[in-house]
Amino acid sequence: MTEISDILLRTILDSRGNPTVEAEISTISGGFGRACAPSGASTGIYEAKVRPCDEAVADAYINLIPKLIELDSADQRGFDDTLHEVDGTSDLSGIGANIAVALSLANAKAAASTLNMELYQYLGGAFISQTPLPLGNVIGGGAHAVDATDIQEFLIVPTGASTAAEAVFTNALVHKRIKEILIARGKGCGKGDEGGWAPHIADLEAFEIVNEATTKVFDETGIEVRMGLDVAASEMWDAASGRYVYKNAKRTTEEQIAYIADLTEKYNLIYVEDPIQEEDFEGFARITEEVSGRDTLICGDDLFVTNASRLEEGIRNDACNCVLIKPNQIGTLTDTFETISLAHDYGYETVMSHRSGETTDNTIAHLATAFGCCFMKSGVVGGERIAKLNELIRIEEHF
């Protein structure tokens with residue numbers, strides 16, 4: 001019933017106008033799954049490797065697809081094991097991580113469709129009853145914008161929202177209020193890759209603006225909205241000098257830790273992603289300890305790249321208390337699930353995330369719900385972002 005009967009691959013556009021891979025899988029009983037590979041602008045050095053799309057698709061039709069036809073789509077681990085076997089490398093550079101993630105997710109969706117189940121139900125089971133809160137980028141800089149803030153993402157999460165719909169609309173309202181504040185201050189209102197505003201302002205002013213906007217929204221709605229950051233510190237790190245290079249400062253690791261800890265206290269940050277460069281497990285452990293008296297999540301993205309082996313090293317070093325989950329970093333749903341399971345076993349929170357180069361694929365809303373992630377990081381506005389946010393609203397209607 002769940003046997004794979006047909007697989008199609010194609011090259012499509014992502015939100016930055018770059019090519020990416022889309023996969024479609026059909027089963028003999030009429031099940032169907034479609035999924036797309038996203039891409040990042042600031043990528044970790046340990047991420048699985050992508051291949052040029054047209055070349056990877058052509059190779060897959062010759063060397064990979066024939067070995068997937070007639071597999072049981074309900075055997076996700078078996079499907080993903082076949083991807084690894086054909087690939088033959090440790091980083092998916094053989095078939096390409098973009099091919100692997102599109103096929104792996106499409107396979108799970110095809111199996112769920114065959115069984116007439118929603119993907120989150122198929123993966124998460126009968127007792128799933130809660131969606132994650134949306135974590136959204138409202139001011140962007142770093143690798144996502146030109147001549148904007150040093151910190152890559154100024155984030156918000158509506159901790160006071162009682163439903164997914166309320167949370168999604170609250171984040172959108174903060175985004176609107178930020179535009180109004182920027183206009184009032186005479187600042188430009190361009191947007192970065194993920195839909196956050198990308199004004200030519202310093203980090204300090206960005207903090208002030210987001211704080212003002214969240215206060216306005218609380219006064220209007222009574223819903224508390226907390227701030228977070230994606231520092232993307234690896235993008236600032238200069239190994240030659242041993243400094244984190246900002247526009248107006250160069251900080252040692254000690255100074256970076258003190259700076260982030262001060263921001264966390266001053267702005268009551270609920271979430272700080274990649275405050276330290278991706279090779280420094282000790283630095284991550286020190287900042288995690290520094291803020292341990294607060295409810296702040298110190299999240300590893302480039303540090304862990306959704307890789308269970310990297311996470312095991314983090315656990316040994318007491319680095320972080322949260323893991324960012326990006327399926328395309330590791331390439332398959334099975335590997336993604338294993339990293340999430342390991343994180344939860346050791347008390348780490350997990351955050352399911354989009355990439356800066358996205359499509360209208362909404363799969364991560366289902367994964368975030370099925371796997372018990374506390375947040376879904378997916379932007380606030382833009383068609384490729386709201387596709388995921390609106391899916392959260394739809395999913396919650398089933399509870």
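Here, residue 1 is simply the first one shown, and the rest follow in order.
Glycine is treated like the rest: Cβ placed from N, Cα and C.
Marked as active site, proton donor by Swiss-Prot on the basis of sequence analysis: GLU194. The active site, proton acceptor annotation in Swiss-Prot covers LYS326, and the record cites sequence analysis as its basis. Feature annotation from Swiss-Prot assigns (2R)-2-phosphoglycerate binding site to GLN152, LYS326, ARG355, SER356, LYS377; the stated evidence is sequence analysis. Sequence annotations record features per position, and here Swiss-Prot assigns Mg(2+) binding site to ASP230, GLU273, ASP301 based on sequence analysis.
Where Swiss-Prot records a feature, it is marked here on the structure.
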{"residue": "GLN152", "record": "(2R)-2-phosphoglycerate binding site", "DSSP class": "coil"}
{"residue": "GLU194", "record": "active site, proton donor", "DSSP class": "coil"}
{"residue": "ASP230", "record": "Mg(2+) binding site", "DSSP class": "strand"}
{"residue": "GLU273", "record": "Mg(2+) binding site", "DSSP class": "strand"}
{"residue": "ASP301", "record": "Mg(2+) binding site", "DSSP class": "coil"}
{"residue": "LYS326", "record": "active site, proton acceptor", "DSSP class": "coil"}
{"residue": "ARG355", "record": "(2R)-2-phosphoglycerate binding site", "DSSP class": "coil"}
{"residue": "LYS377", "record": "(2R)-2-phosphoglycerate binding site", "DSSP class": "strand"}
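Taking all protein chains in view, 30 other C-beta atoms sit within 10 angstroms of the C-beta of GLU194 (active site, proton donor). Of all the recorded positions given, namely GLN152, GLU194, LYS326, ARG355, SER356, those whose Cα is no farther than the 10 Å limit from the Cα of ASP230 (Mg(2+) binding site) are GLN152. Shown are the binding-site residues ARG355, LYS377; of these, the residue with the fewest other Cβ atoms within 10 Å is ARG355. Checked against SER356 ((2R)-2-phosphoglycerate binding site) by C-alpha proximity, the recorded positions GLU194, GLU273, ASP301, LYS326 yield GLU194 as the nearest. When the neighbouring Cβ atoms lying within 10 Å are counted for each of the binding-site residues (GLN152, SER356), the highest count belongs to GLN152. On a Cα basis, GLU194 (active site, proton donor) lies 15 Å away from LYS326 (active site, proton acceptor). When the Cα atoms are compared, ARG355 ((2R)-2-phosphoglycerate binding site) and GLU194 (active site, proton donor) turn out to be 8 Å apart. Binding of (2R)-2-phosphoglycerate is attributed in the record to GLN152, LYS326, ARG355, SER356, LYS377, and the widest Cα separation among these residues amounts to 17 Å. For the pair formed by LYS377 ((2R)-2-phosphoglycerate binding site) and ASP301 (Mg(2+) binding site), distance between Cα atoms is given as 12 Å, rounded to the nearest Å.
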